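Below is one structure, written out as structure tokens; the observations come after it.
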Amino acid sequence: MATFVQSAGFPILLPLFFLFKSSKNTAFQSREKPSRSSLFLIYLFFGLMLAGDNLMYSYGLLYLPVSTYSLICASQLAFNCLFSLLLNAQKFTALILNSVVIVTISAALLAVHSESDTSTKLSADKYAIGFVCTVAASATYALYLSLLEVTFKRVIKSETFDTILKMQVFPSFIASCACVVGLYASGEIRILTAEMNGFNKGEISYLMTLIWTAVLWQICCIGLLGLIFEVSSLFSNVISTLGLPALPLLAVIFFHDKMDGEKIIALLLAVWGFLSYVYQNYLDDSKAKSSKSEENEATITH
């Protein structure tokens, strides 16, 4: 069920297809558009990959303390650097490396600070399963983002919001179907009613938790896909990791948690890393505009 809600909220995106219809009057787009069979295989591949990745993350969270889980998840940036270098020809400057390292340290600092390690006692076997699943999920997620960037730029080659929606909705539908099969195959579907009835806050709270978790996952995913489409998979991962140190600040606002020095340092490091990446993008954009301006001047001169 924890895996299912990560992809099941895709129906909320369907109205956006009518609001952001892609233009079909461009000959270039029609010539370069991949076949339906190719698109089906792409959506099937990413859907099954998404389901498997979400399942591994769910097992990791089930078998590991939250602090250990968060610490391992922070490693996905390192995996993303490797895949971006191999698959996306990402150029690493001092500012980008500084951003990746600082954001990773920020997330790790927050995870080490967590006191949840003492709250749960698990067997060595379950701990090992959780550890392996979380590491594998972090690597798979990084590969997933890099492959999405490759697909956008080399296969689909369409610069529309409609393209981003399709890449979110169709794989999510396939992932949700795979999760439904898993619910029936594992027999978990038979205990959902008892689980809902035994929820401490009541049945309505149980349903609202599932519904809003599913909705917020879709909002998050469509934003991350947009970042991959517009910038890069690495930048998308930096932004998602940036959210981890921001959690204590939200906890202070909504749950009146205590904000101590380590949380403040983690938050400041995350902002520092984020600004480093943004400044590098600013430099790249300025350089690109300058080069384009020089080319136009040379063309006019000749």
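Even glycines carry a Cβ here, placed using N, Cα and C.
Those TrEMBL annotations? Automatic predictions, nothing curated.
So that you can see what the record holds, here are the features copied from TrEMBL:
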type: TRANSMEM; residues: 39-60; note: transmembrane segment
type: TRANSMEM; residues: 66-87; note: transmembrane segment
type: TRANSMEM; residues: 94-112; note: transmembrane segment
type: TRANSMEM; residues: 127-148; note: transmembrane segment
type: TRANSMEM; residues: 169-186; note: transmembrane segment
type: TRANSMEM; residues: 206-227; note: transmembrane segment
type: TRANSMEM; residues: 234-255; note: transmembrane segment
type: TRANSMEM; residues: 261-279; note: transmembrane segment
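Sequence-distant neighbours of the transmembrane segment (169-186) (same chain, 6+ residues past either end, Cβ-Cβ under 8 Å): 1, 3-4, 6-10, 13-14, 43-44, 46-51, 54-55, 192, 218, 221. Counted over residue pairs 6 or more apart, the CB atoms of the transmembrane segment (127-148) and the transmembrane segment (261-279) come under 8 Å in fewer than three pairs, which marks the two as apart.
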